[in-house]
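K.L.:
Structure in C-alpha cells, see below.
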C-alpha cells in the first residue's frame, strides 16, 4: 500500500512538472512569435502616416481618426482557422468587450473598414488602430492562439501601444542596450513626448501589452533587456490589467455604454 501511495505521489509530481514545463514553453513560444519579422516594436504594422509620427514625433501616432467608429470593429476570419480556433478568437474578443464599450462583430457588406484576421505563418502581429486602407490581425496557428496573446494583439488593433515605449519609461524600467540583439535595438526605442496618449494613466508593469524582461535579447547573452526599477514581474499574457481597462475605456468612452467617461474612470 505504501509503495502504491509513493508511486501515486511520484506520478503527481511528474505530471505537475510536465504541465509547468508546457506552460513555460507555451509562453516562451508566444513571446518569440511576437518578435519575429521586421515590424515596429516586433508586432505592430504602422501606416505611412503613423510611421512618420513615430519617427519625427510631430503628431500623435493614434489620432482620433484612427479610433474605430463608435467602438465597433467589424471583422472577417480566414477559413484557414478551424472552428475551435475561430471560437478562441471570438472568446478573446468577448473578454475585451466585457470590460469596455468596444464591440466586435462579423463584417456586413456595407462595412468599408473592417479587421481582416489571417493565419499566415509570420508570427503574431497587427495594424495599429483603424486605418482607412487596411486593418489586419495575423495569428500564426502555432504559438499565437492563446487568449492572452490574442487580446494583446486586439488591443493594438484598437490603438493601444506597449508601455515600455512610453516617453517616461526610463523612470520605471532600465533598458539594457548591450543585452539587446543589435539588429533589434530599435524595437525598444521610446516615443518622443506627444506621440502617444497615456490618458493620464501611470506606467503599467502589469499590462498585457508590456514586453517580457528578455524581449529582443541577444543570442550571445542571457541577461534581461528590460529591468523594472521595482520588484515586479513584467510581460504577462493572461488578462487585461486594471490600467489596460481604464485606458481602453478612456479611449472609447461613448455615452450609451455607461462604462466610463473620459477623465472619470475610477469605477472601471
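Cβ coordinates come from backbone N, Cα and C, glycine included.
So TrEMBL says this about it:
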SIGNAL    1-30  signal peptide
DOMAIN    59-258  domain 'Peptidase M12A'
BINDING   152, 156, 162  Zn(2+) binding site
K.L.:
Show, in sequence order, which residues other than 152, 156, 162 on the same chain lie with their Cβ within 8 Å of the centre of the Cβ atoms of the Zn(2+) site.
P.N.:
34, 43, 44, 126, 153, 155, 160, 161, 208, 209
K.L.:
What is the total of other Cβ atoms whose distance to the Cβ of residue 152 (Zn(2+) binding site) is within 10 Å?
P.N.:
27
K.L.:
For residue 162 (Zn(2+) binding site), just count the other CB atoms lying within 10 A of its CB, please.
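P.N.:
25, counting other Cβ atoms within 10 Å of residue 162 (Zn(2+) binding site).
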K.L.:
For residue 156 (Zn(2+) binding site), list the number of other Cβ atoms lying within 10 Å of its Cβ atom.
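P.N.:
There are 24 of them.
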K.L.:
Can you see whether DSSP assigns residue 156 (Zn(2+) binding site) to helix, strand or coil?
P.N.:
helix
